[in-house]
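Sequence annotations record features per position, and here Swiss-Prot assigns region 'Disordered' to 1-68. As annotated by Swiss-Prot, compositional bias 'Basic and acidic residues' applies to 1-14. The compositional bias 'Acidic residues' annotation in Swiss-Prot covers 15-27. Under the heading transmembrane segment, Swiss-Prot lists 146-166, 177-197, 224-244, 265-285, 300-320, 332-352, 366-386, 408-425, 445-465, 468-488, 506-526, citing sequence analysis as support.
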Amino acid sequence: MEDKNNDKEKKTDVTFEDDEDNEDLEDNSSKYENDSETDQSDLGDLPGDAVDRDDDIDEPFISQVQWPQSFRETTDSYTIAASPIFGSLRSNPPSFYRASRSNLDVESKAPLLPERHDDSDKASATQSAWSHKGSFAEELPIGGYGCSVIQTIFNAINVMAGVGLLSTPYTVKEAGWASMVILLLFAVICCYTATLMKDCFENKTGIITYPDIGEAAFGKYGRILICMLLYTELYSYCVEFIILEGDNLTGLFPGTSLDLLGFRLDSKHLFGILTALIVLPTVWLKDLRIISYLSAGGVIATALIAVSVFFLGTTGGIGFHHTGQAVKWNGIPFAIGIYGFCYSGHSVFPNIYQSMADKTKFNKAVITCFIICVLLYGGVAIMGYLMFGEATLSQITLNMPQDQFFSKVAQWTTVVSPFTKYALLMNPLARSIEELLPERMSENIWCFLLLRTALVASSVCSAFLIPFFGLMMALIGSLLSILVAIIMPALCFIKIMGNKATRTQMILSSIIVAIGVVSGTLGTYSSVAKIIRNYQ
């Protein structure tokens, strides 16, 4: 009897808590209504020009498409790598998880399209209140919590400076020293488009993520398009990691093979499969915060590789003696794809912006981040090509002599780093697919495991189908990264800002769109043609 009474009390408590949440939402809704009525009544006492200025203020952005609901949560893993007090950005999980109804622990799912209500103002206010409660970035008091400028720079570099560093010397081989001009040009353009995204956030309250920008600019189809681009880009990074592991482990353990049931696996295929088996348990994890902390080592890994290249050239008996052509026109499209890949961190920049304690310093942090990345990419590109010349391979680590200490440091750093990032890249795609499944199926643990296993297996198959690291990177950069980092931010800025943008901003944004379309087309065509040529 006591147990039954306790159960009843628990049920009563849960119901009471739910009622409190509902009352909070209703109170917020009525508060917004009262505030709006007060504002309207006050307008009658104001001069006509003041009324006109109030009419110019945009209404808060409220998403009308509920897919994907998990995008911000799953990409926030990148912004807690250098969070203050090591994870304080997650200090208030209950309100955060209430906002993400797609979480597997939630008992019910929201429809992809919200139901229409007669009282649209009240519904809008309620949704705004719900959005506010679910935004941990808005809950962070300025000056008390949130990332500082240095932490923001660290997080941004952790997102951008990755495996693209390995292929920068190869771009000099393919395109000549003129590729350095493309390196600088794309850095300036991508840095500018990152600041355009900030302007979009500040123009309308309620724009939190990159998909929100797409919807605010072009409606639900804009949101879906950007989501598809982002998820495809994240998935392609996972494919690139499998290729990377196969190539570098083959260099460390040449001649390795396996004969099993009449099938012979060479070293690249064997290590690709082993890599998938190692990362699979990390993809099965529901809480990826530990992995996100480990992924913060990506900045250290990038620095280690750059330092290793320097010391290998100065003390390893290799030297910097090679020279090259000023420009190789046939390789320019390849360089476009590689550097498009290198500077594409825009999918996570919104999360980084929202995590800042002082958002007014976002531009300063982004500019600093891009300057550091230019120095890293440019330094390794120049040193790597001067060391190996026309013998430079698609990954600088494959050129390094096996008997050198700094070669081992760079190679093993390259091998270990992707294991801390693979799950973080695959998780957003897996969560978005779960949102589209029926509720009973998506909440089943076997569905959870099988879906992620299938995604990992498909990434391995894709890596085996296109096992060309450099060409795959150039294709990703030309086809996806240029769209994500150059074309779409500029287009969305033009659409969202409209007459509020200055003439200079509109002209620059239009030029950037044109550059993105031309360079993306050239790079994609060149990459696809070279991949086909490798199969002929």
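Placement of Cβ uses the backbone N, Cα and C atoms for every residue, glycine included.
Taking every listed stretch (224-244, 366-386, 408-425, 468-488) in turn, the largest tally of C-beta pairs under 8 A with the transmembrane segment (265-285) is reached by 408-425. Contact count against the transmembrane segment (408-425) (Cβ pairs under 8 Å) is highest for 300-320, out of 177-197, 300-320, 366-386, 468-488, 506-526.
Simply put, out of 366-386, 445-465, 468-488, 506-526, 366-386 has the most Cβ pairs sitting under 8 Å from the transmembrane segment (300-320). Contact between the transmembrane segment (366-386) and the transmembrane segment (506-526) is not supported: fewer than 3 Cβ pairs lie under 8 Å, counting only residues 6 or more apart in sequence. With Cβ pairs under 8 Å as the measure, the transmembrane segment (224-244) is packed most heavily against 468-488, out of 146-166, 332-352, 468-488. Within the chain, the transmembrane segment (177-197) has long-range Cβ neighbours (under 8 A, six or more residues past its boundaries) at 168, 171, 210, 213, 324-328, 331-332, 335-336, 339-340, 342-346, 349-350, 353, 362-363, 366-367, 370, 373-374, 377-378, 381-382, 485-486, 489-490, 492-493, 505, 508-509, 512, 515-516.
Recorded stretches compared: 146-166, 445-465, 468-488, 506-526; the one with the most Cβ pairs under 8 Å to the transmembrane segment (332-352) is 468-488.
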